[in-house]
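Listed in Swiss-Prot:
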- Ser113, Leu114, Leu115, Pro116: (6S)-5,6,7,8-tetrahydrofolate binding site (BINDING)
Amino acid sequence: MSQALRIVFAGTPEFAAEHLKALLDTPHRIVAVYTQPDRPAGRGQKLMPSAVKNLALEHGLPVMQPQSLRNAEAQAELAALRADLMVVVAYGLILPQAVLDIPRLGCINSHASLLPRWRGAAPIQRAVEAGDAESGVTVMQMEAGLDTGPMLLKVSTPISAADTGGSLHDRLAALGPKAVIEAIAGLAAGTLHGEIQDDALATYAHKLNKDEARLDWSRPAVELERQVRAFTPWPVCHTSLADAPLKVLGASLGQGSGAPGTILEASRDGLLVACGEGALRLTRLQLPGGKPLAFADLYNSRREQFAAGQVLGQ
């Protein structure tokens, strides 16, 4: 490594924590960690620290949790750290140009897509949902636009027919830190230069919400199968049967036709449901108050509940 840098790290979820963990194993000095304020979580709505905050405190690092970085006081606090570089990973706050200009080498971001495809908040899930053949991590030099900065480094990985949002997340969380460390070395040595993104190729990965996780049986089965995988483990696709909510955590393409949402067949292989085009076989479900189960287990004990002819989602 050419030189050890003073680095400010900014990130919030587990994906970001994996990057911080890797940086802590380098000679670089993490002079402060920025993360989102503690948020209410769980049934008790108790204030919970982020994954990044927990890791930072374990290592005795100073933790900053500003509500915003747009005010002069927060910017002066950042400037006082005399950072060479700011590494930003899924932080969740907009960084104004005044902040981007503070570190000597600027700010870099590890983004979980092959930019310019899937700029925005949910690139991992949108890639699976869209049926993309590959995904990856892009390390970019940040600018004021959303994920629009010059690309410093890209690493890619195929998306398999079995990948879920969770499995792809974990793979990218392993690839991203290595790419960031390589990019930092190139920046420090002055050998790495950004490639301008082609805005004409840009797509936007809208933030996930629970409302869109409701399965629309009028859609083609191939799209619903990808949606189930993309939204596992969160927000988890769901439907209803006889007014009872039903979470769908696993599905495969099946054969059959009928009115959308109609149960065509129940067997140990799964619950076959007619879609707008084709049919979807539900293979892993969660009933109210229960845990996720393979449909074969539900079929053994509740087969009468899943009789053919019933309509899901009504």
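Cβ atoms here come from the backbone N, Cα and C positions, even for glycine.
Pro116 ((6S)-5,6,7,8-tetrahydrofolate binding site) falls within neither a helix nor a strand when secondary structure is assigned with DSSP, and so counts as coil. Each residue in His111, Arg117, Trp118, Arg119, Pro123, Gly136, Thr138, Asp147, Met151, Lys154, Gln197 lies on the same chain as Ser113, Leu114, Leu115, Pro116 and has a C-beta within 8 Å of the C-beta centroid of that (6S)-5,6,7,8-tetrahydrofolate site, without being one of the site residues. Sparsest Cβ environment among the binding-site residues Leu114, Leu115 (other Cβ atoms counted within 10 Å): Leu114. A simple way to gauge crowding: the CB of Ser113 ((6S)-5,6,7,8-tetrahydrofolate binding site) has 24 other CB atoms within 10 angstroms, across all the protein chains here. In sequence order, Asp147, Thr148, Gln197, Asp198, Asp199, Leu201, Ala202, Thr203 constitute the residues six or more apart from Pro116 ((6S)-5,6,7,8-tetrahydrofolate binding site) in its chain with CB-CB distances below 8 Å.
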